[in-house]
Amino acid sequence: MDNPSSDPLPSTLSGEEEKPLALLPPVPRGRRGRPPGGATTSNRTLKSSLPRKRGRPPRSEQETPLTAPVDSGGSSDLLLIDDQGVPYTVPEGSAADGPQGSGSKRAPHFCPVCLRAFPYLSDLERHSISHSELKPHVCKDCGKTFKRSSHLRRHCNIHAGLRPFRCVLCPRRFREAGELAHHHRIHSGERPYQCPSCRVRFTEANTLRRHYKRKHPELVGMPVRLCPPNPRTQPLWDDDEGIPVQEGVQEESPEGKEPTWPISSTTSPLSGFTAGGSAGAGRGQEGQDTLVSGGIPTMEGDQKQGPKPLGPGAIGHPPVD
């Protein structure tokens with residue numbers, strides 16, 4: 001047998017060896033031994049052509065959504081799978097509108113009762129309990145059933161006697177944060193419920209509903225909504241009816257006490273002193289006695305008369321000889 005090593009090389013290789021190798025011109029070195037910018041560009045091109053590390057495909061190969069064309073009567077749709085493994089279809093033009101998981105890409109699930117849309121099927125199943133009589137959450141202490149787990153936790157606080165929410169202004173405690181927020185309106189004076197007819201504000205929604213029945217029967221059944229706070233200074237309110245108290249009206253004084261009057265630095269309502277400070281009665285028109293009280297002259301013939309100055313004959317003493 002012939003030795004395979006003794007076979008002559010192909011003519012192509014022998015021809016290539018006969019050609020002289022072209023020597024590249026020396027590349028000038030830059031400062032600190034770095035080549036000029038042209039060599040750096042070639043190195044970058046070389047790095048991009050090298051194969052990447054194992055387990056890391058190039059970026060062009062990384063496709064985030066798993067897509068597949070779906071034939072839907074002539075219109076091309078895409079079948080996408082979200083991060084939870086739920087498939088959904090979207091039009092082909094809307095696949096590049098936003099990032100994955102956006103509301104425009106995910107096909108909503110509609111409730112057949114109220115036509116409310118949900119992004120996930122699990123949300124729709126949780127919502128469907130509100131339209132049924134199913135109450136899967138049962139209290140272990142009393143056996144009462146609830147539709148939501150949050151309602152069961154709130155009910156369990158009654159058996160445990162827990163009131164974790166405490167008011168910072170008074171020692172009262174509450175089971176829920178909503179009850180504490182409602183209680184804060186008592187301290188702040190906020191009245192977020194306003195009557196649309198007479199513009200009267202109330203603290204509670206039930207008080208506004210009672211106001212509808214008493215004052216505006218045509219508004220009974222109207223939904224009660226929160227209104228924005230009034231930027232103007234709110235007047236005083238009656239606690240029961242919510243009727244604003246008229247300012248400037250004198251309130252009834254308690255029994256046995258004189259009503260309070262505003263006292264200024266120049267006038268006094270106690271006696272008939274003039275603005276100059278002299279006591280006694282002055283002389284008005286037509287010779288009638290007038291009394292200056294608070295800077296306002298009062299005639300004797302009027303219904304409202306001020307206190308008259310006492311003369312020497314008004315004192316009940318025996319006459320002096």
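From the backbone N, Cα and C atoms, a Cβ is placed for every residue, glycine too.
Note that the coordinates shown come from a computational prediction; the quantities given were computed from them, not determined experimentally.
Look at Swiss-Prot and you will find 1-14 (among others) tagged as compositional bias 'Polar residues'.
What Swiss-Prot records for 1-80 (among others) is region 'Disordered'.
The compositional bias 'Polar residues' annotation in Swiss-Prot covers 39-48 (among others).
For 49-59, the entry in Swiss-Prot reads DNA-binding region.
Among the features that Swiss-Prot reports, region 'Disordered' is placed at 86-105 (among others).
Residues or ranges marked as zinc finger in Swiss-Prot (evidence: sequence analysis): 109-131 (among others).
Look at Swiss-Prot and you will find 137-159 (among others) tagged as zinc finger. Within its own chain, the zinc finger (137-159) has Cβ neighbours under 8 Å at 129-130, 175-176, counting only residues six or more beyond its boundaries.
Here the zinc finger (165-187) is broken down by DSSP into helix, strand and coil counts: 11 helix, 4 strand, 8 coil. Annotated zinc finger per Swiss-Prot: 165-187 (among others), in sequence order.
Positions annotated as zinc finger by Swiss-Prot: 193-216 (among others).
What Swiss-Prot lists as region 'Disordered' is 248-321 (among others).
Per Swiss-Prot, the feature compositional bias 'Polar residues' maps to 262-271 (among others).
Taken from Swiss-Prot, the feature compositional bias 'Gly residues' applies to 274-285.
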Helix, strand and coil totals (DSSP H, G, I; E, B; other) for the zinc finger (137-159): 11 helix, 4 strand, 8 coil
Across the zinc finger (193-216), average pLDDT on the 0 to 100 scale: 86
Counts by DSSP class (helix H/G/I, strand E/B, coil) across the zinc finger (193-216): 11 helix, 4 strand, 9 coil
